[in-house]
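Asks: Below are the structure tokens for one structure; questions will follow.
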Amino acid sequence: MLGEIDVAFLAVYALGMYFVGHLGDRMNLRILLTVGMLGTALFTTLFGAGYWFKIHNFYYFLVVQLFAGMFQSTGWPSVVAIVGNWFGKSKRGLIMGIWNAHTSVGNISGSLIASACLSYGWGWSFAVPGILMAFVGLAVLLFLPVNPDEVGIEKEVKDQSTEPLLDVTTDTKEKAVGFFQAWRIPGVAPFALCLFFSKLVAYTFLYWLPFYISHTAVDGQFLSDSTAGTLSTLFDVGGVIGGIFAGHISDRLNARALTAASFTYCAIPALYLYRAYGSVSLYCNVFSLGCCRHFFVNGPYVH
């Protein structure tokens, strides 16, 4: 039953990003992001409200997660576009690597907050993150500049040798790219395929890793649920380091495709190493889990 709710959430989340991409080209990204965050906060809190109102109807939680997935789909396309507005291509790999650490930090924070609130009732594990999300959404509405122009900062300094002799300005408006046009842009399809498999691994472990650890003997002993949950956060710790490292390499070599492909290929043996040696000892589990696996899995994200 929980698996069906997760599938429904991720399906709507994936489909929603296609439509959000079109909306982001046609409206203010700050407004779009704020609406998505406030909607996410509302339905995350409503999911936890089932605890206090003693709701045991499967379809209630299914519908809430469907709406939560729809609103959460506004996040990734919006924030990637905003970061792209602020930083040029020369250092974008390192910047995206540092910035993309928010996904891993968010996963770690969410797990720790949920674990801390669980003793007061599982509803608080959803209500507290929802309330925090609402406050951050209001902060985004009030303080987030979408473009450097909004605060009087030039994005890039133009090369004087390439400036035209006559300062001619034209009022041309960029047209939004359609769905099929986007797929014809060079690099979109292969990078989308690369990210698909990276996300496949990342979300598999995000949802099922604590269960797997608690049901697999490590050094001949089964770990408790709380220990398994804490240990699973190392998956994201390795992702922070891997994302920054991959971004730095891609900037130095100016080879983003090669970097993404290399990290993806290295993730394959890392998965088998964890399967083979993760149960030998706790130290082997920690090293193969955080330092090897998500280090390589999270690398392609920054590109």
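These residue numbers are counts, starting from 1, taken along the chain as shown.
From the backbone N, Cα and C atoms, a Cβ is placed for every residue, glycine too.
Small disclaimer: the values here were computed from a predicted structure and weren't measured.
Pulled these features from TrEMBL for this protein:
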DOMAIN    1-303  domain 'Major facilitator superfamily (MFS) profile'
TRANSMEM  6-24  transmembrane segment
TRANSMEM  31-53  transmembrane segment
TRANSMEM  59-87  transmembrane segment
TRANSMEM  99-121  transmembrane segment
TRANSMEM  127-146  transmembrane segment
TRANSMEM  188-208  transmembrane segment
TRANSMEM  228-246  transmembrane segment
TRANSMEM  258-277  transmembrane segment
Asks: Which stretch from 6-24, 31-53, 99-121, 188-208, 228-246 shares the most C-beta pairs under 8 Å with the transmembrane segment (127-146)?
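Replies: Stretch with maximum Cβ contacts: 31-53.
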Asks: Would the transmembrane segment (6-24) count as touching the transmembrane segment (99-121), if touching means at least three Cβ pairs under 8 Å and pairs must be 6 or more apart in sequence?
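Replies: Between the transmembrane segment (99-121) and the transmembrane segment (6-24), which are separate recorded stretches, there is no contact, as judged by 3 or more close Cβ pairs.
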Asks: I'm a bit unsure how to read this: which one of 31-53, 59-87, 188-208, 228-246 has the highest number of Cβ pairs shorter than 8 Å with the transmembrane segment (99-121)?
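Replies: So the stretch in question is 228-246.
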Asks: Using a Cβ distance cut-off of under 8 Å, indicate which of 31-53, 59-87, 188-208 has the most pairs with the transmembrane segment (228-246).
Replies: 188-208
Asks: Pop the mean pLDDT for the domain 'Major facilitator superfamily (MFS) profile' (1-303) in here, whole number is fine.
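Replies: 82, rounded to a whole number.
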